[in-house]
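Engineer: My questions will all concern the structure given below.
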Amino acid sequence: MSIIQKVRKQLSSLFPPIKRFLAWWRYDDQERLRNKVIEIWIRSAQEELLRAHHLLNDIANKPFYEVDIPQGTIDWVVRLIARYEAVKRPYTPLDRRLALRLGMQAPALRRRLLWLLSGFAFAVITTFILGLFTDFPLFHWFPIAILTGLFFYIVCLYTGYKLFPFIRSLTADHTACEHLFHANLSQIFQQANALLHSRNLKKVPQINTALHAISYQKLQRGSMQESTNNTVTKESKPVPDFKSQNQTLNHHYYPMKQAWERFLTEVLHLKDVSTVSPIHHDLGQTEVFIWDIPSVAFTRWEENITRIEAYLKKPVFFIHRDYDGIGTVGVEIAKQPLPKEIHFQNVINLHAVAQMPESVIVGVNSKGMVTWNYRKIPHGIVAGTTGAGKSTALYSIILQFQRQNHLPMFIDLKGGVSFGFVEDAGYPIATTKEAALELVKSAAQEVERREQLLKEWGVSPDIAVYNEMTGANLPELFVVFDEFAQFTDKWQGLEEGMSCLKAIAAKGRSNGVHLLIATQRPSQESLGSTDFRSNISFRCIGRMDSQASSQIALGNGAAFERLPSTDYAGLFIVRGTDAPMDSLIKVPFINDMDFRRLFLEYRNPHEGYKLGHRAMLKLKSCDYNDIF
Ligand SMILES: Nc1ncnc2c1ncn2[C@@H]1O[C@H](COP(=O)(O)OP(=O)(O)OP(=O)(O)O)[C@@H](O)[C@H]1O
């Protein structure tokens, strides 16, 4: 081996760590800091709630006359739970001072120091060079150095580490906070809340006092609001009073009475509809009409969702077969239509999303965010006619996969028009059918390899448990098809490709290999056999241009009948999410440029991961938490 080759070999072994260091320097600083802030935020909220829960537990285990805890402490517990009940997000611990302190301590400080030093060095070198060639008095270097240092420092303030927009986005982004709350705190909160309202604790006079104080305050606040509302709407028409808690038993007047009566007579062909009236429950964002009409079967309500929406001019949220277990049909109506457009940045906080490793946000319905848990429902399809917003839906899901450190792999047979750039961030992409076949084959091999690994380790259920037990870092893989029909056109590799896809669809869940398929026109041919289709249970279906396509995608005509024929961009019917079946959602909008920018901000942490091979090149992730 010549000397040059030896040197080159030595140097090449240096490159990966240098590359990794540069990637860390460029991409991870803010990410890590934000994750840390969120972690601290959640942890302190958790501690708070746990303290409250333990205290309530203590009280519950004592006879009520032996409770000698000061009233102030009990007030604190009751208020804490009431506050979390009203606003579902962690509270004060994320104050500006804390975040700022964190921000100042870590990378920002380091970066600013670097700028300052470079400014200083620059000034010294310049004055020295000037001194060499001219009779520039050298003692001037000191004020010049100070000025240049200051200049660089100001530059870094503007271009460097931006913390405030993050705080603003985190505190303003209520939905994301709610999601964080739901993922991390809801269980402990519910336990504490249930305990607080248990029969045992209601006997404790101190708790009663605290509860009364809170409800009194609420009442006062309510009456104040009412009086302000009255002054504002003095001239408006009187509104029927449905305030009595959350239901009305007024059988003569209920909201949308005329519309309902028309629906009952014209669609359900009932006579004398004035004698039937629903019980009305107001649930905040939605309202339920509970109908007790034995002659109308549940399926007739379900079949007529589109008509109900047309008569009431409001979207149906869900039809309950047995509302509250009282054997009657409950038609839940959203009070407001879905927003015309919601922007990705306002709904999805990528830093919060990184904390929820099993699910991604797909969109919002009338009650809030709708998520897809890909560990439970491993494969998905996004379909819709041209302009339905499939790409947008894919973009927001893919960005979330990426931030959760999973490994999306792309098959873009339009020659890489949509996803070609992902290569720049180190993600695999196939742009020809042959390459696609290779990718699909190696994904299927990966399923087998992982199956083997799980068997060897005796880990029965899934790859997440395997990772936890062995300390391995096997990423969840997502094979994303941009337009599936292009892959399933007749060609010689189709049969082999489809059999690999079937294997992934059947065995991918426990092995962490997923399919996400986008297509314009779902058909028998383009979606393959029924058993393949039935394994793809997450459905996100936009407007379809025919009843038949909707039938294939959803098993009913909803995507053709229920979704409007104009202005349908971003509206989807979803299945396999945490929302009720066939929920109508709006997908957040993100344009191509923003998607590209956000995607390229983050480099593939699993670069070099060899699919289907036993030996893997693992990028060892550094634990930079110690900077705190
Ligand atoms: N969530 C959304 N909210 C509002 N408008 C949207 C949304 N998604 C998409 N749109 C609008 O619809 C247009 C088409 O969106 P997109 O390219 O995602 O559709 P598509 O279904 O992928 O279409 P094609 O199949 O032709 O590629 C966008 O340019 C945008 O104006």
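Every residue, even glycine, has its Cβ placed from backbone N, Cα and C.
Since this is a predicted model, take the numbers as computed values, not measurements.
Sharing the feature lines straight out of TrEMBL:
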type     : residues                                                       : note
BINDING  : Gly384, Thr385, Thr386, Gly387, Ala388, Gly389, Lys390, Ser391 : ATP binding site
DOMAIN   : 367-551                                                        : domain 'FtsK'
TRANSMEM : 113-133                                                        : transmembrane segment
TRANSMEM : 139-161                                                        : transmembrane segment
Engineer: Across the whole of the domain 'FtsK' (367-551), what does the mean pLDDT come to? Round it, please.
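Structural biologist: Across the domain 'FtsK' (367-551), the average pLDDT comes out at 86.
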Engineer: Within 10 angstroms of the C-beta of Ala388 (ATP binding site), what count of other C-beta atoms is obtained when all protein chains are considered?
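Structural biologist: Other Cβ atoms within 10 Å of Ala388 (ATP binding site): 26.
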Engineer: If the ATP site is taken as the center of the Cβ atoms of Gly384, Thr385, Thr386, Gly387, Ala388, Gly389, Lys390, Ser391, which further residues of that chain fall within 8 Å of it by their Cβ?
Structural biologist: Gln520, Gly542, Arg543, Ala569
Engineer: Per DSSP, Lys390 (ATP binding site) is which: helix, strand or coil?
Structural biologist: helix
Engineer: Near Gly387 (ATP binding site), which residues of its chain come within a Cβ-Cβ distance under 8 Å, counting only those 6 or more away in sequence?
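Structural biologist: In sequence order, Tyr568, Ala569 meet the Cβ cut-off.
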Engineer: For the binding-site residues Thr385, Thr386, Ser391, which one has the sparsest Cβ surroundings, going by other Cβ atoms within 10 Å?
Structural biologist: Thr386
Engineer: Can you count the other CB atoms that lie within 10 A of the CB of Gly384 (ATP binding site)?
Structural biologist: 31
Engineer: Within 10 angstroms of the C-beta of Lys390 (ATP binding site), what count of other C-beta atoms is obtained when all protein chains are considered?
Structural biologist: 24
